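One structure is given here, and the rest of the page talks about it.
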Amino acid sequence: MVQASRWYRGGTSRDKLHYRKEEIRTTLQELLLYLIFLINLCILTFGMVNPHMYYFNKVISSLFLDTSVPGDERTNFKSIRSITDFWKFMEGPLLEGLYWDSWYNNQKLYNLKNSSRIYYENILLGVPRVRQLRVRNNTCKVYSSFQSLMSDCYGKYSSKNEDVADFGIRSGSEWKYSTSSTNSPWHWGLVGIYRNGGYIFTLSKSKSETKNKFIDLRLNSWITRGTRVIFIDFSLYNANVNLFCIIRLVAEFPATGGILTSWQFYSLKLLRYVSYYDYFIASCEIVFCIFLVVFTTQEIKKIKELKFAYFKSIWNWLELLLLLLCFVTVFFYANCNIQNFLLLGQLLKSTEKYSDFYFLAYWHIYYNNIIALTIFFAWIKIFKFISFNKTMSQLSSTLSRCIKDIVGFAIMFFIIFFAYAQLGFLVFGSQVDDFSTFQNAIFAQFRIVLGDFDFAGIQQANWILGPIYFITFIFFVFFVLLNMFLAIINDTYSEVKADYAIGKRPDFELGKMIKMTYHNALEKLKLKKTQKEDKKIKSNGHFVQPTRRESFDESEIRRAEQRRKWKEKLQKKYYSTEIQDDYQPVTQQEVRELFLYAVELEKEIQYISLKLNRVTRKFSALQY
């Protein structure tokens, strides 16, 4: 009796089934708790993003980047290529865009400490700042044959080559080097990384004074051959949407000559708690911290219980990564609020000085990036709970089975890929922008795979190697390697589906468990009959047990008939005693029918094995 009671339904242990049910129940509880955490985190992330941020950036960037120089419709900040164009921009679109002190009919509406209101809605905080960084002469070496033609040599910008000496008329901060008094990060430009400090001057509250200042700097050659970059920094605030906009316009003067322009527009919500919705977000932040403490405690308990076995699961590593990102998010959030509290008031006190909000923008951008990664991995963790689903289990099984083949294929793929990338960089790098650097060449080849390429530029750079490079790359990478990659996954997925077809599937599925829990709840609420009541048949007012089934249903009859047809066809083709002169190859349809026939036979064998196990248990019970 003991042996018979330990087994249930084909040899599965009762203790094991009870353990699996407890595991399912625990999984459902964890899923429910995690969904609440995920919803709370989504509210936080969407609460910190304002739809007006995009329109704010778009309006301000259009004003300073797309406005043309008077008399020259083709010249704006984006198209600046010479020093002359730069001064035209400074004295034209920049000056007109910064100073809005009257209405369109010249009526003065604002008298708030003579502050400008760009587009009549955005307050200019403090005054703008212009900053220049320079390099010393003789920071590079002129070849001996050309020293008679060129004696001066100004190299590329670096901290070693930076010029800190006074120059020009040597009167005023714009002609004297000043160190930075803030902790703003270095700027990563198009052709260099630039430090803080430099030759700095701030603009005036008066439009006419600022214009005269620009003219004076231009006439006294403030921009020379040693100039390597000029920064234009200012900040705006829009009270209607409670957003700050920190703007930086950058003009780089590379050692090759010319000017390269870039820009940064950051719309931020530095004043967090203003409306009732903001206080609701604050309550969600408190709930987030509570969840973080709970999840951290759970993981510490798991590590103590499982020890080194804890680190064998990829989901546990994902859990640790998510917790780490959450703690980093809390750190950045606390630091941003502390910096806002300490600096925001000081920056807003003086309207006659430059207000350096770039440092605050730097921390907020990093905070946004960290919380974006956090919400990404938080959604990825959902796969841990839905992996018990049949479809998701097939996906995970497919990836786990073919991982070795994919790694081997990836090695071969990237050997060919990087070989083509270096070939493209060396052949087209000096003439095609997409191949100007090795990193650009790598991304350009990924774009070629996706169908985005500049064949005309490649062909113009080298009319012989260009087409050869393009055709061979498309053939080997797109037609051969990518199809090999798809074939690996497709074959593995077919094997997994075949295993699932013959019964090799997870011990339980989350969807079935949820459905079973739902039906049990209905039965307890007496909204649905129990299974025992459904199995009984009502006769003359009394319930009797159903009689033994005497016939098969239609599906079983159809399956048996199909198996008989397959058997007859296979016997006729492969087991016939007659000698056939012509060789008949096996078709794909016949292979499929043979496979299905084998699957049906295995199911039938499992069914017979189940019956034999039940008979064995009955005999064992009779002996005891």
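Sequential numbering from 1, following the chain as shown.
Including glycine, each Cβ sits where the backbone N, Cα and C put it.
Annotated Ca(2+) binding site per TrEMBL: Asp581, Glu590, in sequence order. Feature annotation from TrEMBL assigns disulfide bond to Cys140-Cys153. The domain 'Polycystin' annotation in TrEMBL covers 76-271. The feature domain 'Polycystin cation channel PKD1/PKD2' is assigned by TrEMBL to 272-496. Per TrEMBL, the feature transmembrane segment maps to 31-49, 276-295, 315-334, 365-386, 406-428, 468-489.
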Requested in this report: Flag the pair the transmembrane segment (31-49) / the transmembrane segment (468-489) as in contact if three or more Cβ pairs fall under 8 Å (sequence separation 6 or more).
Outcome: no
Query raised in the report: Taking the disulfide-bonded residues one at a time (Cys140, Cys153), which has its Cβ surrounded by the most other Cβ atoms within 10 Å?
Result: Cys153
**Report entry** the domain 'Polycystin cation channel PKD1/PKD2' (272-496) [mean pLDDT, rounded to integer]
**Finding:** 88
